[in-house]
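What follows is a short report on a single structure.
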Amino acid sequence: MSDKPLTNLNFSSFDLHPALLTGLTRAGFTLCTPIQALTLPVALAGRDIAGQAQTGTGKTLAFLVVVVNRLLSSPGLVNRNPEDPRALILAPTRELAIQIYNDAVKFGGNLGLRFALIYGGVDYDRQREMLRKGADVVIATPGRLIDYLKQHEVVSLRVCEICVLDEADRMFDLGFIKDIRFILRRLPERCSRQTLLFSATLSHRVLELAYEYMNEPEKLVAETESVTTTRVRQRIYFPAEEEKIPLLLGLLSRNEGMRTMVFVNTKVFVEGVARALDEAGYRVGVLSGDVPQRKRETLLNRFQKGQLEILVATDVAARGLHIDGVNYVYNYDLPFDAEDYVHRIGRTARLGADGDAISFACERYAMSLPDIEAYIEQKIPVAAVTAELLAPLSRPGRASNGNGDTVGDISPHSRDVLVAQEWRRGKPRGSPGERDGRIRVCKGTRSDGGGGRRRTKFRLETERDSSVDGAVTPVFGVSTGIVSAPGKEVGRNIGLRRRSRSMDSGESGHVVATADQVAAKSGSQPSLLGRIGRRIRSLLSMF
């Protein structure tokens, strides 16, 4: 991305269809960005292109102009069936596919072309019916498109004139390469169609794909002074793990009213960060793989409109999202991959705007920093963690978000993992119960009349042992999720809470025994505890 995102080259200087040129002008597009100025002369002549450009440079508009101009300037086959689209645009994520569709409709919606948006997570039959009715341009994610291709009568690519692969490097990262090859093999021969490939990096594997399925593609690179734009002001803090939330709240309180994205490495901890922000009075949305597609679209729309102040996300949102006006990007966790760092901070400072990227390098993820700095070819300025920053400034009263809880729906599996990890650190959370060695999360009851947080306990119940009297059921309260083997010392936070209730408590035929009582009653009890301990340690080691 250049510091001057627009060139002096006007769209009217190209031989574009008059209706397309009118649509571009009406949508506010008059001057080309550098990648558009490089792409259009070659692509409008019918050549294949392998283009490299960072996010936010205008490459989406570049290939949309080429696609729409080709379809308007040349008539389709007379015997083309409704299920035969003339153009195909592939995107790695649903969010990117939606954004491409919105951009296409913005300037091409009134040009007589039919656009079909195909992606997973929404009504399958409705999309299938849309394809059967016919579309000129199909914008799709690979998985859902393959589902329809295998049905034969829904969609066919036999007469497709132009194909676009956007974010090709991301296709590899997400494991879509087999799907892409499956789709490309169903297109016409490469000499009888035009193919445009765009990627943030033209790595060896991306170029290998280009040369295998494209017709002598011309390699185009939008030159940049650095991997990251100089308009992104980067800085990094080195907080302790327990300082990250206070530091985040302190920094946010000093930048009120700014549209902000916070990136977390795992969806397990997304909810914890989001809830901390929510309890601090911020209007927060969660974007991760566990949030249903319709809710994701709603969250993005509300964030775009300013109804949400902060979007907490995993890397599912790091690429392809065109959200205007993001002022701050926080890397709550440093990413493992240096490219992910570039794509994360690329959410801000788009198309010449300024932005800030603030990263936290805690002891868990600081190891990624040398690779990131080597990749971006610069040292990230270090800022000190001070007591003043750890104390958030006072905020005005929280306004209602008007739409219920915005923290998002995290899957039960993610909750189990979070509980287990906090359990291991000696901080019990939630109220899982144990049945046959499996930890599960149970809903608790509010202790304050419904207005406060749910307070529950973490409990582990052993199986009924056949060698013990049927009226005796041992119940052991476990404070940390780790049961020590017999004869070993138990740590301060790791131990068995032995509870006993009198038979006079009113529970007929049910006696709660202590560990010593059960051991005395049954010689097999130590092995049962050992099995439980091994089971829990095995569960924790998975995460």
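Cβ atoms here come from the backbone N, Cα and C positions, even for glycine.
As annotated by Swiss-Prot, motif 'Q motif' applies to 9-37. For the motif 'Q motif' (9-37), the list of distant contacts is 2, 44, 51, 53, 57-59, 61-62, 65, 68-69, 72-73, 106-108, 110-111, 220, 222-223, 351: same-chain residues at least six beyond its ends, Cβ to Cβ under 8 Å.
Positions annotated as domain 'Helicase ATP-binding' by Swiss-Prot, on the basis of sequence analysis: 40-220.
Counting every protein chain shown, the number of other Cβ atoms lying within 10 Å of the Cβ of A53 (ATP binding site) is 25. According to Swiss-Prot, the ATP binding site annotation covers A53, Q54, T55, G56, T57, G58, K59, T60, on the basis of sequence analysis.
What Swiss-Prot records for 166-169 is motif 'DEAD box'. For the motif 'DEAD box' (166-169), the list of distant contacts is 59-60, 63, 89-93, 96, 100, 197-201, 203, 206, 209-210, 319-320, 339: same-chain residues at least six beyond its ends, Cβ to Cβ under 8 Å.
Positions annotated as domain 'Helicase C-terminal' by Swiss-Prot: 231-391.
Positions annotated as region 'Disordered' by Swiss-Prot: 424-454.
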Counting across all protein chains shown, how many other Cβ atoms sit within 10 Å of the Cβ of G56 (ATP binding site)?
20
